[in-house]
Amino acid sequence: MSKSKSLAFVIAALSYSFFSLFSSPPKSHYHELFISTSFSDNASVALNLHTLTRRPHVAGTVANAEAAEYVRSVFTSSALKSHVVAYQVSLTYPVHRSLVLTPTDSAKPITFLLEQEKLGDNPYANEVMPTFHGYAKSGNVSGPVVYANYGRVEDFVRLKKDMGVNVSGAVVIARYGQIYRGDIVKNAYEAGAVGVVIYTDKRDYGGDEWFPASKWMPPSGVQVGTVYNGLGDPTTPGWASVDGCERLSDEAVELSGDVPLIPSLPVSAADAEVILKTVVGDVSDGDVYPVGPGPGVLNLSYIGETVIAKIENVIGVIEGEEEPDRYVILGNHRDAWTFGAVDPNSGTAVLMEIAQRLDKLQKRGWKPRRTIILCNWDAEEYGLIGSTEWVEENREMLSSRAVAYLNVDCAVSGPGFHASATPQLDELIKVAAQEVRDPDNATQTIYESWIGSSDSVVIRRLGGGGSDYASFVQHVGVPGVDMSFGRGYPVYHSMYDDFTWMEKFGDPMFQRHVAMASVLGLVALRLADEEIIPFNYTSYALELKKSAEDLENEKLGHNIDVSTLIKSIEDLSTAAKHISLEKEAIKGALKVRELNDRLMMAERALTDRDGLSERPWYKHLIYGPSKYDDYGSKSFPGVDDAIDNAKKLNTKASWENVQHQIWRVSRAIRHASLVLKGELI
């Protein structure tokens, strides 16, 4: 070998060694670090949650603005480019509340205090806002009491048809636990009631002992919340509530059908028990209370104040190195009806933990391929307002650039992992859950405990309108995820949802918070870092097939044909399989980019610009809320609405509309197949 060749060989060898020594590790190395115990910090999570829940922080208040500044400071100290996006939105607050019961004509009236008992030593308990319903109608009404169980449509049908009870002119009392409170008020109004009282029944929320001795709701506990049936600022439907924007009048808002037309109040189990003792009559099957009417008479008086209030979304950004114009978005809301230890600030603490771990990764040299955006929303409790206004303002950018939205709301309320998602994310969630230890059983992964709880992994869908994923999934068509440990908790939306409850019952060691940050953050990292976006549309096709089979099994008659729907799903399955083969053979940055665009945009194809009939804001034809329960999730919501209407009217036109809605869904699925294939017809 010549000297020149020997020298060249030595230089090449040294160069390779130098490159191997100082080149960045693979992305998977950073992902392993992210979920390692060395990166997690239980004490930091606890400190952040304690700070956030020190005072009640309803949207539009000084306390919530202070909480926003705290979140922003943590984002900034975690090397996120942070800023606040403010909106001016219409919110309501209570001015006057009164509830008076006259048991019989000769009995002395009983005036309820409408207060939650102050338990424990919380120094800020006096700052808790009086119990009320957001956007409740002001008014003074009186009527005999009628008990309507959970206030569902079927409960009112049973009262009228099976029990002969006339609700017209009555004040309805119904219990929480099955449907969204705004739908309870709406159903009562449509049945003829003049007012509504909603309470937390001991059968659903109580126990032999209660907080602070146990996790259960005290007898004086009251679940507050909004009764608004829309999303976003009621005065700016479809556009953002920026300074100087167009706004609907109060009259136009009422005509929209999204705000209640009769007054309502939330009450405690203790107050409800007094009211229900004055009701006589038949008892509905499976229940314990007579339905009335009366003889007890309720006088309900409520005056609310509507104000244009400033709300603040806190946004933190880590710009992508290779694809800065592709966004992986994580979000949680900050505002709470009271202290908000579970709802929502367990999620806020998780989001902050993720921010702090991402900072540690950046200090080790990690940079995301795609941009990661952390969003802390405001005014969610009033009607998903902060997230909806932001989505409406950024609709076009999100439609063309958002990869996925990962939501965490009530992140921790107890044991047991739960996930909801659009189906192309199912496999990614399962894989992430296989890599994180179960916080309640260190011998198993979250996935092993999850599958062991029901012999299979159950991933629910994001059709309901219960949290901030709604605008992303149901309005724009961005793939989405929502996760939690625990599902439902007794002191929901009461003054007892505080740090003490979390520390004693929800997550004493804050290990569930840490685990949630690991799973959610790992899903985000994979979406942000993997060369090809890890979406699996075969899962989507299988899920749609199940929904189509359920529809077919209804045997609707009236010449309803679902064959076009089934064919479109078969086409989607074929396209998904083709994508899998394409991934294995693809080469070149432009080809990868084009494939990722197809994976990202296929979900958008499942939306329709005209939206659902009578609910045009909801654009997604596959997943949307039930018409009669905003919390309830429906597959093919437009078809479901049409079937319900046809069963009521039983006219040729109404059944033809069912077929039309099936055609609409079929076309949307076919469009998604074409997007996945990258074909022009």
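From the backbone N, Cα and C atoms, a Cβ is placed for every residue, glycine too.
The Zn(2+) 1 site in Swiss-Prot is built from ASP343, ASP409 plus one of HIS333, HIS418, namely HIS333.
Site annotation for Zn(2+) 2 in Swiss-Prot covers ASP343, HIS493, and the matching candidate from GLU381, GLU389, GLU392, GLU448 is GLU381.
Restricting the recorded positions ASN42, ASN140, ASN299, HIS493 to those with a CA within 10 Å of the CA of ASP343 (Zn(2+) 1 binding site) leaves HIS493, listed by sequence position.
Proximity note: of the listed glycosylation sites (ASN166, ASN299, ASN441), none has a CA within 10 Å of the CA of GLU380 (active site, nucleophile). In sequence order, VAL224, GLY225, ALA336, TRP337, THR338, GLY340, PRO344, TYR492, ASP497 are the same-chain residues whose CB sits within 8 A of the CB centroid of ASP343, GLU381, HIS493, the residues recorded for Zn(2+) 2 being left out. The Cβ of ASN299 (N-linked glycosylation site) lies under 8 Å from the Cβ of SER98, LEU99, VAL100, LEU101, THR102, ASN140, VAL141, SER142, each of these being in the same chain and 6 or more residues away along the sequence. In the structure as shown, the Cβ atom of ASN166 (N-linked glycosylation site) sits within 10 Å of 14 other Cβ atoms. The most densely surrounded of the binding-site residues HIS333, HIS493, judged by C-beta neighbours within 10 angstroms, is HIS333.
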